[in-house]
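What TrEMBL says about this one:
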BINDING   Arg53, Tyr187, Lys193, Arg316  substrate binding site
BINDING   Lys193, His212, Asp250  Mn(2+) binding site
BINDING   Lys193, His212, 229-237, Glu279, Arg316, 435-436, Thr441  ATP binding site
Amino acid sequence: MISFSIKKYGILNSSFNWQLTPYALQKIIIRKKMGIETNSGVLTINTGSFTGRSPEDRFIVKDKITEQKIWWDEKNNQSFDSGKFDCLYQKVTRYLSGKTIYVRDGYLCSDKRYQLNVRSISEYPWSDLFIHNLFLRFQKLEKILPDWLLFCAPGFKANPIEDGTRNKNFSILNFSKKIILIGGSGYTGEIKKSIFSVLNFILPNKNVFPMHCAANVGIKKKDTAIFFGLSGTGKTTISNDINRNLVGDDEHGWTYDNIVFNFEGGCYAKILGISRKNEPMIYHAIKKGAMLENVSFKKKTREVDFLNDTITQNIRISYPIYFIKNIEKKLLSSNIKNIFFLTYDAFGVLPPIAKLNKAQSYYYFLLGYTSKVAGTELNIQNPKSTFSFCFGAPFMPLHPVQYTKMFMKKLENTEINVWMVNTGSISGEDFYRERIKLDDTRRIIQNVLNGFLLKVPYEKYPIFNFKIPKHCPGVSSNILNPKNSWKNEKIYKNQVKILAKKFIQHFDKYRKYIDKNILYGEPILE
C-alpha cells in the first residue's frame, strides 16, 4: 500500500484522492454537479468566467536562477517577487486545507532521458481529470519523487494589492522551488501551458530544442513532419492524418541526436464546428474518458451542438493520446524531412503554401507571424494579427534569439524542407475574409509529404521573395497566388507592402542580437 502525506506542503486537515481513474473522477464531478454527461456518456464541464488563457496574469519568480536567463518583458515574462510568492503559497495551501483535494503523479517527456515527474494538487476533480488526460501516465501505481509540484486552486482569489498580482487570477512559476501556483481560473489550458513553460526553460540546458508544434510520421517511409503554430492555427487538425502516425499535437522536443519526442500524453483540441466528416480522428476521440469544455447542448437530449459558440468560440476537448487510433506508440520519431510554419494570415495576402530558403526559415521562425484565433485568449473575438516569436511567445521564457539559434543549428547542413502554410484568410475582399478550406490545406500538405511539390515549377512572390508553386494536384491554381483573389490589384499590392513593413518593423527589436545572414530572409520593399 502506497501512502504519503500532503502536510509537508502546508495543507492540513484535508482528505485527498490519489490517482483516481477517469471513470471515478467523472462520477465525482457529476455527483458534485460540476459537470454533466452528454447523450453519449462524455463528461462536459463549464470552466466558469475564464474560457481562455490570461497571458497578462502569468508570472515568473525573479531570483538567482532566473534573473539573468529570462527574457523579461511586460507582455510575456513578467517578474514576481520571491517573498510575495512565499506569502501567496501559504495563502493557497491554507485555502486548500480542510478540503477534499485531488492528487496525481504523472510525468512529461516521452524520451525517458528527459523525464520530468510532476505531482499535481488540485481543488477541483475536473482539473485532476485534465491532468490525467494530458500528462504521461505511469503504467502502475508507484511512489515517485516529484521533480515539480503543481497547485491548482480555481476557487482561490488573490488580492492584487496585497499579493502582487495584476488580478484575482494568476499563474506563477518558481524555478528555484520548482513549484507552479495557479489560482482564480478554472480554465484547464493554464495547467497545460504552465508546465510547457517550465520545459521550455530547462530543456535547452540539456541540449534539447523545445517546440510549440505538432509532429507526425509516415507509416511506411517513417519520415517525420513538424507543424509549428499558435493555438487555433491547425496543428492538431492537420497533424491528425489517417495516412500517418501521430507523435503529438502540440508540444515537442528535438534532441541532440535528432529524436523528436512528445512532452505530453494527451491532446487538447479546439472543436468548434467539428464533424465526423471534417475531422474524423478527433471526432472519434469524443468518448467516455474524454472531457469536453464549455460546449453547448440540447437540454432535453443532452446532444452536443458543436456549431454553437454561445459560451465561447474556444470550445475544447481533452483526451489521452491513445484515443487516437494511429499514434506512434513510443511518442517519438526521427528522420525529419519537412517543417511547416502554420500561419493564420488575417491580411489575406500570404499564399496557402510557400517554400522558404534557410535565411527565410530563420527569419520567419524568429518573428512567428500569425494571428491570435478567436477564444484562445481572453477578449479575442476575431482573428488578430500578431507576431509570436518562435510560434509560442507566451510560453518561451528564454530570449527568442536563443531558441532561434537552436533552430538554426538543427537545419545546418541538412536537406530538411521548410514551408510556410497559410491556414487563414485567402480572400481579397476588404469586407470579408474567407478562410482557406481545410480540405485544400490537407491536399497541399499531402502533396508536400508525397514529394510532388518538390517537382513542380515555382514562381517568386514579390517583396517577400519566397517561392510559391504554380500548381498543386487537387487544389485550384487560382488560390495558390493571393493576387488572384483580390479584385483590386492596387489595394492588394498596398496590403502586401503594409504586411512587409510590419515584418521589418517588428524585426527591429532583434537586429542587434542576430546573425546578419538571417537578414537575407527579410522582405525587400522597393
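Heads up, the Cβ atoms here are built off N, Cα and C, so glycines get one too.
Annotated features taken from TrEMBL, shown on the structure.
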residue	record	contacts (Cβ under 8 Å, 6+ apart)
Tyr187	substrate binding site	Thr47, Gly48, Phe50, Thr51, Gly52, Arg53, Ser54
Lys193	substrate binding site	Arg53, Ser171, Pro394, Phe395
His212	Mn(2+) binding site	Phe196, Phe228, Gly229, Leu230, Asp250, Glu251, Cys390, Phe391, Gly392, Phe395, Met396
Arg316	substrate binding site	Thr188, Gly189, Tyr268, Ala269, Lys270, Ile271, Leu292, Glu293, Asn294
Ile436	ATP binding site	Pro352, Asn422, Thr423, Gly424, Ser425, Ile426, Ile479
Rank the binding-site residues Arg53, Lys235 by the number of other Cβ atoms within 10 Å of each Cβ and report the first-ranked residue. Lys235
Assuming the binding residues for substrate are exactly those in the record, Arg53, Tyr187, Lys193, Arg316, what is the maximum CA-CA distance in angstrom, rounded? 15
Asp250 (Mn(2+) binding site) has how many other Cβ neighbours within 10 Å of its own Cβ? 27
Given the recorded Mn(2+) site (Lys193, His212, Asp250), which additional residues of the same chain have their Cβ within 8 Å of the Cβ centre, ordered by sequence? Lys192, Phe196, Ser231, Glu251, Gly392, Phe395
Indicate whether Lys193 (substrate binding site) is helix, strand or coil by DSSP. helix
In DSSP terms, helix, strand or coil for His212 (Mn(2+) binding site)? strand
Count of other CB atoms lying within 10 Å of the CB belonging to Thr233 (ATP binding site): 27
